[in-house]
Amino acid sequence: MGIIAFQGDVSEHVQAMERVLGGEGSVVEVRRGGIVPGCDGIVLPGGESTTISRHLARTGVGDEVRGASESGVPIMATCAGLIVISREIVEETRFHPLGLMDVRVARNAFGSQRESFEADIDVSGFGSPYCAVFIRAPAVVGWSRKVEVLARIEDAAVAVRQNGLLGLAFHPELTADGRFHEMFLDMIREVDIDVGDR
Ligand code: GLN
């Protein structure tokens, strides 16, 4: 499992992932090219999407992530990570997203008045509400039929899935509720890619 570790809440993701993995696999922090091709799953953490995108382009890790995704390796992208994997960003001209997921995202969609907040959201497939932590969060404001919306706040989607891509507008690594991490591990088990063959 590779955690893209250029910037953002990397250590929280490493800890959350190690907790759900138990002994099932190891977590590696990715700061250079050559590591992603050996990963069976990839996490793109929250942080600052402009900065993360710049590092992805500079190091070639962005192209590796795209290649891994195209060969079916699951990706969990949270907050800024969701912005990075999107097809389109509303009113953003300074950088281009990777264009992996068929979604249109708005950055800082919940406004400065609500910079950070928690909300209980209903998630399809979950038996009880999930308490989600939003920090200057994006929202998915448009999506194609390839995208399954798992949770919404008003008209916007805040949890989305498209094949091996799981996009979350909030921070699952900041709460003890591991249900999204479990979902992601299930996605990896379903694929069961032998990374040695790629
Ligand atoms: N607002 C940030 C951005 O646009 C994302 C915030 C976050 O990841 N917590 O990159």
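For all residues, glycine too, the Cβ spot is worked out from N, Cα and C.
TrEMBL labels come from automatic prediction, so no person has curated them.
Annotation comment: TrEMBL describes G47, E48, S49, R107, I135, R136 as L-glutamine binding site. Residues annotated as active site, nucleophile in TrEMBL: C79. Residues annotated as active site, charge relay system in TrEMBL: H171, E173.
In sequence order, C79 are the active-site residues from C79, H171, E173 with a C-alpha within 10 Å of the C-alpha of E48 (L-glutamine binding site). Spatially close to R136 (L-glutamine binding site) yet at least six residues away along the chain are N108, F110, E115, S116, judged by Cβ distances under 8 angstroms.
The recorded positions considered are R107, H171; of these, R107 has the fewest other C-beta atoms within 10 angstroms of its C-beta. I135 (L-glutamine binding site) falls within a strand when secondary structure is assigned with DSSP. Between the alpha carbons (Cα) of E173 (active site, charge relay system) and S49 (L-glutamine binding site) lies a span of roughly 17 Å. In this structure, the CA atom of S49 (L-glutamine binding site) is 9 Å away from the CA atom of the residue listed as 'active site, nucleophile'.
For S49 (L-glutamine binding site), the count of additional Cβ atoms within 10 Å of its Cβ stands at 27 [all protein chains shown]. Mapped onto three states, the DSSP output places H171 (active site, charge relay system) in coil. Put simply, C79 is the one of the recorded positions G47, C79, R107 whose Cα lies nearest to the Cα of H171 (active site, charge relay system). Cα spacing between the residue listed as 'active site, nucleophile' and R107 (L-glutamine binding site): 9 Å, rounded to the nearest whole number.
Set side by side, the recorded positions E48, E173 differ in how many other CB atoms lie within 10 angstroms of their CB, and the most is found at E173. Among the listed recorded positions, namely C79, I135, the Cβ with the most fellow Cβ atoms inside 10 Å is that of C79.
DSSP assigns S49 (L-glutamine binding site) to a helical segment in the three-state reduction.
All protein chains considered, the CB of G47 (L-glutamine binding site) has 22 other CB atoms within 10 Å.
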